[in-house]
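Quick look at what Swiss-Prot annotates:
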DOMAIN    21-301  domain 'ABC transmembrane type-1'
TRANSMEM  22-42  transmembrane segment
TRANSMEM  55-75  transmembrane segment
TRANSMEM  156-176  transmembrane segment
TRANSMEM  248-268  transmembrane segment
TRANSMEM  276-296  transmembrane segment
DOMAIN    335-569  domain 'ABC transporter'
BINDING   GLY368, PRO369, THR370, GLY371, ALA372, GLY373, LYS374, THR375  ATP binding site
Amino acid sequence: MSLLKIYWRAMQYLAVERTATITMCVASVLVALVTLAEPVLFGRVIQSISDKGDIFSPLLMWAALGGFNIMAAVFVARGADRLAHRRRLGVMIDSYERLITMPLAWHQKRGTSNALHTLIRATDSLFTLWLEFMRQHLTTVVALATLIPVAMTMDMRMSLVLIVLGVIYVMIGQLVMRKTKDGQAAVEKHHHKLFEHVSDTISNVSVVQSYNRIASETQALRDYAKNLENAQFPVLNWWALASGLNRMASTFSMVVVLVLGAYFVTKGQMRVGDVIAFIGFAQLMIGRLDQISAFINQTVTARAKLEEFFQMEDATADRQEPENVADLNDVKGDIVFDNVTYEFPNSGQGVYDVSFEVKPGQTVAIVGPTGAGKTTLINLLQRVFDPAAGRIMIDGTDTRTVSRRSLRHAIATVFQDAGLFNRSVEDNIRVGRANATHEEVHAAAKAAAAHDFILAKSEGYDTFVGERGSQLSGGERQRLAIARAILKDSPILVLDEATSALDVETEEKVTQAVDELSHNRTTFIIAHRLSTVRSADLVLFMDKGHLVESGSFNELAERGGRFSDLLRAGGLKLEDKQPKQPVVEGSNVMPFPVKGAVA
């Protein structure tokens with residue numbers, strides 16, 4: 001994007017507060033006009049002194065304009081600061097809301113630290129541009145646009161000096177912009193790398209300390225900082241050169257104005273007051289051109305940050321759902337995967353032609369080796385990704401035709417990583433349902449076998465759990481996650497080995513709670529331990545993205561296929577605890593021929 005396009009798009013964010021923005025612009029224009037009038041009045045004062053005429057009137061007018069200029073400048077500074085601060089927070093909140101509504105696949109591809117860094121640096125750059133626009137940029141443009149015509153009405157020859165000065169500044173600015181464009185983009189990439197390293201290290205500080213990586217990680221940060229310096233310094237050199245050239249041009253112009261003015265006065269072709277006015281014009285123009293140079297520097301520096309931010313904004317805007325998209329209401333829990341295929345880009349992994357049906361209230365256990373596609377199936381159900389082929393239907397409705405909000409409302413998930421916020425215990429449980437009463441929160445905690453350990457904490461339900469639940473044990477974190485799902489009370493439940501972090505006694509309690517929770521709900525269990533799938537109505541054995549076997553636990557156990565091999569490898573007895581059950585005719589599993597599948 002060109003600098004003007006970047007600048008124009010940045011200014012468009014001010015349109016939300018149109019009245020305040022217009023008020024600031026009008027006030028800025030008045031400040032610019034008053035500033036331009038001051039050299040003219042000062043010249044008249046000097047001319048009156050030289051002519052021994054009336055000095056009181058021009059002096060009084062000059063003082064009045066000066067006082068008005070001070071008050072207007074204070075008004076603009078105060079209003080611009082407040083407006084820029086409000087819009088920075090507003091843009092940050094709006095962008096944040098769009099970011100957290102983006103599918104998980106988008107976040108996984110982009111990276112959390114990258115999106116966060118882009119948002120923070122871009123909003124800071126926008127704040128600076130908005131503030132400078134209302135304080136200086138607009139007044140500078142108005143002053144320069146009116147200064148030359150006013151000067152030309154006084155003396156064309158002296159005006160040419162000012163015009164040449166402006167042309168020189170423009171040429172220097174274009175040269176520096178051309179030379180620093182790629183360099184500034186490289187600087188921004190190095191900033192991202194440095195920030196990502198810091199974020200990655202701090203988020204894994206326990207590993208850093210445990211493996212004594214403090215010195216090596218710090219050295220890596222020094223290397224990133226050195227690379228950033230090496231990219232930044234050439235850019236800074238060009239701007240330093242531009243500053244020197246601009247200063248040389250302005251000094252030379254001032255000397256020319258003085259010499260020409262003195263010459264024209266001695267020849268009787270100009271008055272002393274007019275020369276003084278042109279000296280004021282030259283000083284005003286030099287100051288404004290310096291502001292233009294600083295403005296170009298700011299915009300060039302912000303260019304890479306804002307381009308990336310605008311791309312992120314466009315990406316999130318493109319993924320926003322239409323306002324009239326239908327909601328998924330009154331969910332019963334009948335779920336069909338119909339020849340569903342999805343492959344991760346450039347990986348060769350995914351799921352392929354998966355078909356099965358789950359009746360309302362049934363429990364489905366998904367098993368298989370690592371990388372088999374178990375989690376991918378659940379992600380497809382929740383529309384983390386959309387199928388490349390086939391369709392997923394809930395109660396006969398394609399999930400792609402309903403709003404993500406209503407779909408997420410219908411599904412409660414207990415992740416293997418509990419995913420707790422750095423908030424109180426009650427706030428973390430209340431994530432399941434924000435408007436739940438204290439009694440409902442406590443009831444959910446009791447059902448998840450969490451109530452007793454919560455009350456044992458010094459502050460009970462008001463206890464802060466730390467970042468990602470760092471102040472709790474693994475079992476405590478998992479029980480809060482289960483309580484959250486219980487409180488959400490959704491018709492579809494997803495359990496990613498929800499009891500894996502619990503001790504035997506607690507697991508028995510939580511398993512009972514989970515059984516109660518899954519009663520009359522369609523439940524998916526991503527199983528890493530086969531002991532958790534015995535009570536499932538349907539077992540899906542995944543391998544390399546294909547649904548290799550499907551059926552009841554006992555049916556697959558007796559089939560002698562891959563699932564049976566996995567049972568034996570786990571050391572479980574097939575007849576232990578569960579009597580043999582006959583295979584029910586009219587299975588709800590849709591026939592699916594897979595090459596190489598065990599029959």
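Placement of Cβ uses the backbone N, Cα and C atoms for every residue, glycine included.
Here the features listed in Swiss-Prot are painted onto the structure.
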residue: GLY368; record: ATP binding site; Cβ neighbours (10 Å): 25
residue: PRO369; record: ATP binding site; Cβ neighbours (10 Å): 13
residue: THR370; record: ATP binding site; Cβ neighbours (10 Å): 6
residue: GLY371; record: ATP binding site; Cβ neighbours (10 Å): 13
residue: ALA372; record: ATP binding site; Cβ neighbours (10 Å): 22
residue: GLY373; record: ATP binding site; Cβ neighbours (10 Å): 25
residue: LYS374; record: ATP binding site; Cβ neighbours (10 Å): 24
residue: THR375; record: ATP binding site; Cβ neighbours (10 Å): 16
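According to its DSSP assignment, LYS374 (ATP binding site) is helical. Sequence-ordered, the extra residues of this chain that approach the ATP site, with Cβ no more than 8 Å from the Cβ center of GLY368, PRO369, THR370, GLY371, ALA372, GLY373, LYS374, THR375, are THR376, MET542, ASP543. Taken together, the residues in the domain 'ABC transporter' (335-569) have a mean pLDDT of 83 on the 0 to 100 scale. Through the fold, the transmembrane segment (22-42) approaches residues 58, 61-62, 65-66, 68-69, 72-73, 75-76, 79-80, 83, 134-135, 138-140, 142-143, 146-147, 150, 276-277, 279-281, 283-284 of its own chain, all at least 6 residues removed from its boundaries and within a Cβ separation under 8 Å.
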